[in-house]
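> Dumping the structure here so I can ask a few things about it.
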Amino acid sequence: MSGDGDIASVMGFSGFGKKARTFDLDAIFEQTRRTAIERSQHVLVSHNKTLQFFLFLCVFLFRQQKGESSSDSDSDSDSNSETIGPPLPPQHKAHQDDDDDDDDDELVGPPLPPGYTGNTAHSDEDDDDEGDAQDEDDDNPVKKIPDTHEITLQHGTKTVSALGLDPSGARLVTGGYDFDVRFWDFAGMDQALQAFRSLQPCECHQIKSLQYSITGDVILVISGNSQAKVLDRDGFNVMECVKGDQYIVDMANTKGHTAMLNSGCWHPKIKEEFMTCSNDGTVRTWDLNSEKKHKSVFKPRSFQGKKVIPTCCTYSRDGKLIAAGCQDGTIQIWDRNLSVHTKFHCRQAHTPGSDTSCVTFSYDGMTLASRGGDDTLKTWDIRNFKKPVNMAAGLTNYFSVTDCCFSPDDKLLVTGTSVKKDEGNGKLVFFDRASFQRVYEIEVTNASVVRCLWHPKLNQIMVGTGNGLAKVYYDPVKSHRGAKLCVVKSKRKEKQAEMLTQDYIITPHALPMFREARQRSTRKQLEKDRLDPKKSHKPEPPVSGPGRGGRVAAHGGTLSSFIVKNIALDKTDDSNPREAILRHAKEASENPYWVAPAYKQ
């Protein structure tokens, strides 16, 4: 034991030689079960006692009040005698007056609420009907489509090819084939529905796509050039992606895209990351903080391993997958962290050569929808990616940016249809996701429906059309904020003072004494102008002779020919040269001036 004491003093605990206690688990469980049953019985008994006491109190008060009122009526004493306990509700008093003799109708317990005064069974049936109708509304997704009201925003005259709504739904941006990007603020607009800013971020390039980041503070702008731009909420430049070197063969070795962009989007979870795809045959991801180089490159390949062009791209809802629709009709999906090989690959998703205009994931992340240039809309289960789950054909598509989207409850799929000019109306078509029945459609306008966007917070549908309109569909009951904010504001009146007064700037030479006299009749002025060769634009007369007024005749078109003709070949004196010299001999002898005086000396 002394050894144990030493160890205890060193280690800080004792009891080394004792046996471990053993526990009988069955006995412990049994004891616990009995204790629990006893306690629950005890609680139940106490509850029952409380309830009985409450009921007894109610009945006692009710009978006492009834007895007092009858004794008052018998004795015709003061009717304002005080009652003990709370007063009875009106319908209960009426009931009492009708059936004074009937003691069977006495209500035990607290009185019923006002809604239950009539036939109770009947009201129960009504409630059941209402509940069923409510359930039907909940089950039927078509009832949730917000299309009772609409507003029209005039973007321009050309196709609205891009729409973006910030996550809160306060601001809308539209972009079009007229190179413009317009900013609309629902809270700041009135019924005039004017954009508060318009700019051309990419000079003369059509806008392909606009999207707010998940935080809503920056906008990704994809246009027809090779460099994507990021703007802030007010349209000022935040970053521009770098342009790649078009002479490098392997696109993975260049820092950026070398050809026109087709599509792009933000990462759904990482606020600094976005993705672009381009005609150079690559899909690239970028970081907002490093504009000098892309993050990673994905290269779609055909069955033979050749380069194919991605026409649209998207992230899955969790951001782990990247999907791209390609020109050869394939849909290729990669793991975001593994860019070499595709994770899922469908060879014949759409007709080869038709540009797949949109791929998008459902909210649950299991289904992928694709809108093809071959006039189809298909849904795919990415776990079984060989053949489509559902397909709808006959949806005309003339645009490489026509998109499709899922409803906020994930039960409907929406897309737009294209039409040729003056050949009917473009429609917004709704499909049931499960059965893929065409459950609803909205005729939008007499032009193609290109873009559609169903915002989950606002529950409003934004549509971009081929004739420069952006339409917003909403329901005053089912929708929130958004378009409802601006339709209630009346147009601002123009200030009268601004219309009537103009600021005159008087310069000294604008005074009457310095002004030229105004012509009384225009005919005389026209006659004067006719005589002035400059004002009448009088043609120059033809050249006659060797040349006039610095101009040369037809057969001497150049300066050299003019000189040769007039100077070098001017042989007017064709006499004997000896005679020409001797002509001056007599004068020289009589009046020597140059040579003779020098030789006299």
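Each residue, glycine too, has its Cβ placed from N, Cα and C.
In TrEMBL, annotation is done automatically, which means it is predicted and not curated.
The model shown is predicted, which means the values in this text are computed figures rather than measured ones.
Annotations per TrEMBL:
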- 67-148: region 'Disordered' (REGION)
- 97-107: compositional bias 'Acidic residues' (COMPBIAS)
- 124-139: compositional bias 'Acidic residues' (COMPBIAS)
- 153-185: repeat 'WD' (REPEAT)
- 254-296: repeat 'WD' (REPEAT)
- 303-335: repeat 'WD' (REPEAT)
- 359-384: repeat 'WD' (REPEAT)
- 518-555: region 'Disordered' (REGION)
- 518-540: compositional bias 'Basic and acidic residues' (COMPBIAS)
> Take the repeat 'WD' (254-296) and find every residue of the same chain, 6 or more past its ends, with a Cβ under 8 Å from one of its Cβ atoms.
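That would be 208-209, 211-215, 218, 220, 222-228, 230, 238-246, 248, 307-319, 322, 324, 336, 339, 400-401.
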> With DSSP as the reference, give the number of residues of the compositional bias 'Basic and acidic residues' (518-540) in helix, strand and coil.
10 helix, 0 strand, 13 coil
> Considering every residue in the repeat 'WD' (254-296), what is the mean pLDDT value?
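Mean per-residue confidence for the repeat 'WD' (254-296): 87 out of 100.
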> Per DSSP, what is the residue count of the repeat 'WD' (359-384) in each of helix, strand and coil?
0 helix, 14 strand, 12 coil
